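Take a look at the structure below.
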């Protein structure tokens, strides 16, 4: 199994190019199933989850071609001949549930194995299923598979989301694009990745309005054509590198990114005493060589503070001046990085869905284990600033969501290497 060896006490400084957003690339790749003509995508990140999605699409009969130009992918779903996303591919990635709605909407049937992915608590597919049922689908759970069928086209419906869910919002949008009549999603997720997926679908001929608000309307059309689309920059990768500068006394410019998708994170970094400069396509954080100040965090759906930045800010708070509280309202069981940080000398305790962090001046290198994608990057960054050597185990989690992470960190001055047992 591959691991990272990180030599600490690095001040991370320089410029880093931000990749396309995984959380936009995955739904957009699955949404390409809806198109009868080829689609060209650019700025697609080279990640394990993207690779898994390619495999699922190919299994369905989609032609997926990666161009020589990095990040450019041609998708042709004109000859889909299979309607089952099998367990051996789906088991590693929860996002594979997004194959169901486009298969059902275009071909009136689909089967997806119940998915896997990060072990950060309950992420049930119930909201995906109930939304499809309201549009006329017949759903059954059989031997670990979600099987969906519909006689003719799905029917537009008014769907209220009991809980804000990015995944379910995207599933219903995909289903509604080819449905008969109008679908209205109330209490919809507002994340930038939902907006990007809607822009992509509209470029293919869908009629979606309201994406980015809590009420999204979709007027069904009979077919979708091809298009060309560029995936939005990864706001979570951007935030991760900004935190890297803040905790290491460094200065990092994130290039090819957008500040308007990261306002809650930028506000908290400024509250922590960091100097931030913004241009149209870059964000620079200068720590001015100062230790960050502790900041209280409460994760919320967009435009609130993103849960995918919680682990990175936990790290910031355990090395900050002062005491802070971090409350996780989105996912249960998402503090598994804290016991690992404690092994490195952090002082923190967990009370229910809240972590209390008492800032210390220094962390010490240790052997630690990654438990999920965002927790794993916080441990790597902790290793960059700790004294001595840190070994991070189970780094396959990082490869699911961060493109060329060790190469990018080395470009900023980190001393990090990948090795196998």
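Backbone N, Cα and C atoms are what each Cβ position is placed from, and that goes for glycine too.
When Swiss-Prot records 94, 163, 164, 165, 166, 308 as binding UDP-N-acetyl-alpha-D-glucosamine, the matching candidate from 75, 139, 283, 330 it lists for that site is 330. DSSP assigns residue 330 (UDP-N-acetyl-alpha-D-glucosamine binding site) to coil in the three-state reduction, outside any helix or strand. For the pair residue 23 (phosphoenolpyruvate binding site) and residue 308 (UDP-N-acetyl-alpha-D-glucosamine binding site), the C-alpha distance works out to 11 angstrom. Here the CA atom of residue 22 (phosphoenolpyruvate binding site) lies 20 Å from the CA atom of residue 164 (UDP-N-acetyl-alpha-D-glucosamine binding site).
Each of the binding-site residues 22, 94, 163 was scored by the number of other CB atoms within 10 A of its CB, and the lowest score belongs to 163.
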